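Below is one structure, written out as structure tokens; the observations come after it.
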Amino acid sequence: MKGVDDAFLGVGDKPGLDIWCIMGSNLIAIEKSLHGKFYTGNTYIILSTVELKSGVRQHNVHYWVGEEAKEEDCLTASDKAIELDVALGSNTVQYRETQGEESDKFLSYFKPCIIPIQGSLSSHMRIYGDKSKDTTMFRCEGEHVARVTEVPFSRSSLDHKAVFVVDTESKIFLFSGCNSSMQTRAKALDVVKHLKENRHCGRCEIATIEDGKLVGDSDAGDFWNLFGGYAPIPRDVQDTVMTELMTTSSKKLFWINKRNLVPVETNLLEREMLNSDRNYILDCGTEVFLWMGMTTLVSERRTSVTALEDYVRCEGRQSNARSVILTEGHETVEFKMHFQHWPKNAVPKLYEAGREKVAAIFKHQGYDVTEIPEDKPRHFISCNGSLKVWLVDNGSVTLLCTEEQEQLYNGDCYIIRYSYIEDGKDYHLFFAWSGLNSINEDRVAAASLMSGMIDSVKGHAVVAQVFEGREPEMFFLVFKSLIIFKGGRSMAYKNFVSQRSDANGWYQKNGVALFRVQGLKHDCIRAIQVDLAASSLNSSHCYILQAGGSFFTWLGSLSSPSDHNLLDRMMDKLCPLKQSLLVREGSEPDRFWEALGGRSEYLREKQVKDWPADPHLYTCHFEQGLFKAKEVFSFSQDDLVTEEILILDCVEELHIWVGHQSGVLSKEQALDIGKMFLQAGIHQDGRRPIDTTMYIVTEGDEPRFFTSFFNWDYSKQTMLGNSFERKLAILKGISQKLETPERSLRKSSSSSLPRRSPGTSSSEPTTPEQRAAARTFASASTGKLLRERSPAALSPSLSTPSPSPRSRSSASSSPASWNSTPSTVARRLFPPSLHASAEAVATGTPRRR
């Protein structure tokens, strides 16, 4: 390829890393066994290739600059990164990484850590590792990736906010500053393990020192003797430069005209401001983006990269502002979030396109292929469990009989409990299902009553909040057969309808109704009543039309034979004694259209299935009263630390994992944090619907459908203590007594255990930031928790009920009283009366309606 280095030809075809070192104008490929070993006097280019579930390859290019690297090597690296982008079709994202200020994404490639080696690499030498026996000292920061910096071996290098590792000939000391988080201390133990295995061949002692702890600790005495005796450490000084960059809200946009920056005057950033024939610089404080239009020349892009580096250098921010270079059409979420209403990308449906190509090949070779078998979903839940369904009505629940639990109404809310045995353990999966037309009062009651039911079961409980139209496949799996009718049976919904005098569309046994039939072959089947109109039809689906005493089964022209089989099975469920008239699309009789109110246009195009989304893990916290979420790259089970709450984002559903020491006091609060995450629009092109399915998974209660996202080690699931104590026990080979701690969030919140030091095992908050987290999560609220599309929002009489003891007790929990940011006063998110009544009615007797 013209203008591209030969070293880049054919790269990026396989997932993994490719690394080159800049040697003058040449590129020296680094073999796999030496990945992660960087010299301070060199510059490197790193290509990360990831194959997404869609089959698309994602490329990230990083060029790493050592603190002693030559200026000409840095310029060569930026030019070579542009060449690599061209070789890969101009669809990469490029990051400039400076030694000591690397991004979390970059550091995640080289877990547990990278420790740059002094000097430079020549093309005639090999790296055998640092064999020096001299005492070295490292500063460790970071909670999910270790940010390691070698510092002078001196007492003056110590401070209270970081963790330090001192590596001597016979012993490795870990010193934890009193203001360091438990997660940082635990992550620093990974560095200790790395040094022990690579510098000491696994043979050395490990000592942990706590800042300020001296009495009766021989290891502390040995540690301070290295520095000539103990002396107080000065107080930490705040980094005002970084704080100013992080708190600034102003953004600067420039377009590049022959290395000159021309400001774009605007108050709000819009996508339309970026022209495809220009390159732009967007300065966002801690990050500086270079956006390159798709029609710009390679020479213009190289000039723009130089302009970017000049800009950062002139601003004096080489060390604290990260440069990100991207091409039009391949923008990162972090970049798009700075703009108002960024349009969603129209990406090709490679998942379905590949299946169609396979079918075409078989047909060309003479095979009679009527249908390529669809991918069977992975079931990480037993389908042989027991099901119970409760109707939420007037602040209480009523257990439905077996015949009725497979018939839901879209004006009601239900609590579903599915109990099953997995690996010899009892699991209970709770769903709070809200119908499309259900009212806010029932929705709030369902979430609260479900939390009360959890305490009445033994075993491992997982909670899910589900809304009609957004249900996960697992919801339908537990039913196996389900019919959703229009209408409702709760008193609140009936009152709402009577006030509006609108009961049209309610299902009547001998009336007229249209049902869309879908399913997963023999695993589960569902029929959903839709609007009685021809516009509700879809060529990709099958339908049942009930017209009084007559039934039609309508086959869409794009539906499959398996869909037709599901249709026959649903007819047996819906009307077992009736014979239906089979109607194929395009040959409908007149009375079919008459029952639908006449002909009209409907969707006739093939509905292709999106590929499974790649999961992303985020850690959540509050910063100055504002909700923050940060992605954890290359995540593993070890990233689920007990002091945190993490969200596994699978796009169509969220798994909210709650650690025992996270400070989250109830499952309602965990749902509240999930809604904050959705409203923030993290990882997506704008905000997602608030009715996205959310699972609440408590530490120790992880079901298989959650652990399947990780390479799960069940022995870690039952360990006690904080994250530092657990990792230290593994490192020292100490076998813990494995017990099952209290799983209920609400029960653990009432614990009155005395406060303990970090060296003892307890779920009580032990550090200042843990206690602050507990206070923060206790007072956090979402703002608008309930869906805006609920019909109750349209009815003033329901949003402001008449005074009564019950309504007065729940007034403080109304949506109008919730703020968008945490307040200093803790408040209950749901009415306490609902919590109190839940256990009393959870085991009620079935009632037939």
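Note: Cβ is positioned from N, Cα and C throughout, glycine not excepted.
The following features are taken from Swiss-Prot:
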- 747-782: compositional bias 'Low complexity' (COMPBIAS)
- 791-823: compositional bias 'Low complexity' (COMPBIAS)
- 739-849: region 'Disordered' (REGION)
- 30-107: repeat 'Gelsolin-like 1' (REPEAT)
- 147-213: repeat 'Gelsolin-like 2' (REPEAT)
- 262-335: repeat 'Gelsolin-like 3' (REPEAT)
- 405-475: repeat 'Gelsolin-like 4' (REPEAT)
- 527-566: repeat 'Gelsolin-like 5' (REPEAT)
Chain residues in Cβ proximity to the repeat 'Gelsolin-like 5' (527-566) (below 8 Å; excluding those fewer than six residues from its ends, i.e. six or more beyond):
370-371, 374, 410, 482-486, 505, 507, 510-519, 521, 573-575, 578-586, 588, 591-593, 595-607
How do the residues of the repeat 'Gelsolin-like 2' (147-213) split into helix, strand and coil according to DSSP?
21 helix, 22 strand, 24 coil
For a three-state summary based on DSSP, what are the helix, strand and coil counts in the repeat 'Gelsolin-like 5' (527-566)?
9 helix, 17 strand, 14 coil
According to DSSP, how is the repeat 'Gelsolin-like 3' (262-335) divided among helix, strand and coil residues?
23 helix, 20 strand, 31 coil
For the repeat 'Gelsolin-like 3' (262-335), the averaged pLDDT of the predicted model is 90
